[in-house]
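**Q** Structure provided below as structure tokens; questions to follow.
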């Protein structure tokens, strides 16, 4: 018989009765009944009930003293449970093991929190004792699910003719939109490597190298703040690149992968392929966001022209100054109490707005509310037609400069969807957002900057760049840039790449980069493009966000084995930490006086 186990804790059945077995695992629960002691023994696979009787008094007493989470090996005989003790919630619930002997492999100290319930302990305690936290059923299953998802992704990608690669972790800095993690070079004092924010340049270089279909489960490193759906430090993405492809080729390749993944790992309804395509400008108008949650049926409408000549002075004067007005319908909300509308106004103010106008249309069509009296009957009918408002509905208004009004309307739409319980249940709704702006204005400098990936191909190519003479014209340029969105969560950005050096130099020059700067920062890729580069494009869906959705987790730390906390600290391994002076000297690093003072 094996030293530790003949079976795992999830496989013994009624057909195994009278077999002598050996099991090993953790003491999950212990119940003392005087002349009986029951222990639920847990391993990676499941739980089996062990019973100790007073026929072996010493063994039973020893078992009664076992602490939760101690590791034991039990030898015993399988017996059938009585009908009144059968537990159909467990695969092993029809049997139990009558213990003949047990060995304590490792005794557990007093636990800092309870393992055998899903009651949450303080996150700091959980992360400091992550090895215990990972024993809890929900988190343990999330990590298993993550492994299964990644394994299936590899199967799907190789089955579609993709080759898996590993690209360098120590590389050069690149402008991906976040701060780099820098690694000092011992051999080259004063110089630094950067951990890759994404394998962007390497995967494009592989296309130039003649490979056709690349993928990688790629670790990415960005020094950015934590969010519920973003872990500080590192994350993983399904990095994909393809040669000789159009935007639609990328879509038709990735859609079946997403559909297969989501239908395999959930019973919820999943959008049929092809997924809906929504141009960026349309998405910002209808949903007030470039990552719309299509489970929400509310569609925003532009009603600027209706208010341009209205008697509502505030909106009319705002429109004269270049503002717009967006209408956000609230289905079947007209009869709700005043407190609902006051709460929506308070929400808008908390989001930085001056307020939130609204109109209620009764079941008979009567218009009420603070804005209604300023519109003529014809304007009210036009409003109902434009915003698809029916009797019994209410409608809210957001007025500001175009971008601010769109974002406020989008937030109000989301809030209304939640407050009115409008979101379609038990489904995953996918869409593509296309035709992103190529450039944007940097909020800090007021200068032109790339809105997304600087390596995207501008629609219209070099000619479009040369014809754009003003800032306004540059901001109107669009890119072959796209996002895939599911239930309001951006899973990935992607693009058809700019593979022509002359277009790349021109695109960067518009953002204030000289040719020398471009050569210095992206010399390897520019040089490669001068030796025959295929048209290519790619995408990189986030593994962590996919797992979050499929695990129905609300926090990204619930699907990562060893995450950092919100302050980017590893409480288990005590990282980041100070290092010895010798190590700093080898790297030619000297700490500032203020840091040295804090160390003391």
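Each position is counted from 1, following the chain as shown.
Placed from the backbone N, Cα and C atoms, the Cβ positions cover glycine too.
I grabbed these lines from Swiss-Prot:
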type    : residues                               : note
SITE    : 33                                     : site 'Important for tRNA non-discrimination'
BINDING : 176, 222, 452, 497                     : L-aspartate binding site
REGION  : 200-203                                : region 'Aspartate'
BINDING : 222, 223, 224, 490, 542, 543, 544, 545 : ATP binding site
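Buried or exposed, and what's around them? Tell me for each listed feature.
**A** In the three-state DSSP scheme, residue 33 (site 'Important for tRNA non-discrimination') falls into the coil class.
In this structure, residue 497 (L-aspartate binding site) is part of a beta strand by DSSP. Long-range Cβ contacts of residue 497 (L-aspartate binding site) within its own chain (separation 6+, distance under 8 Å): 204, 455, 456, 457, 535, 536, 537, 538.
Long-range Cβ contacts of the region 'Aspartate' (200-203) within its own chain (Cβ-Cβ under 8 Å, at least 6 residues beyond either end) map to 165, 167-168, 171, 174, 176, 214, 216, 239, 241, 453, 455, 522, 524-525, 538.
Residue 222 (L-aspartate binding site) carries a strand DSSP state (E or B).
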**Q** Work out the three-state DSSP category of residue 490 (ATP binding site).
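**A** The residue in question, residue 490 (ATP binding site), is strand (DSSP, three-state).
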**Q** In angstrom units, rounded to an integer, how far apart are the Cα atoms of residue 542 (ATP binding site) and residue 452 (L-aspartate binding site)?
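**A** Between the alpha carbons of residue 542 (ATP binding site) and residue 452 (L-aspartate binding site) there are 16 Å.
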**Q** Taking Cα atoms as reference points, rank the recorded positions 33, 224, 543, 544 by distance from residue 452 (L-aspartate binding site) and give the first.
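**A** Closest candidate to residue 452 (L-aspartate binding site), judged by Cα separation, is 224.
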**Q** Could you pull the average pLDDT for the region 'Aspartate' (200-203)?
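**A** Here the mean pLDDT over the region 'Aspartate' (200-203) amounts to 95.
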**Q** In this structure, which of the binding-site residues 224, 544 has the fewest other Cβ atoms within 10 Å of its Cβ?
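**A** Per-residue Cβ counts within 10 Å for the binding-site residues 224, 544 bottom out at 224.
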**Q** Give the sequence-ordered list of residues that share a chain with residue 490 (ATP binding site), lie 6 or more positions from it, and have CB atoms under 8 Å from its CB.
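**A** In sequence order, the residues whose Cβ lies under 8 Å from that of residue 490 (ATP binding site) (at least 6 apart) are 290, 291, 483, 484, 545.
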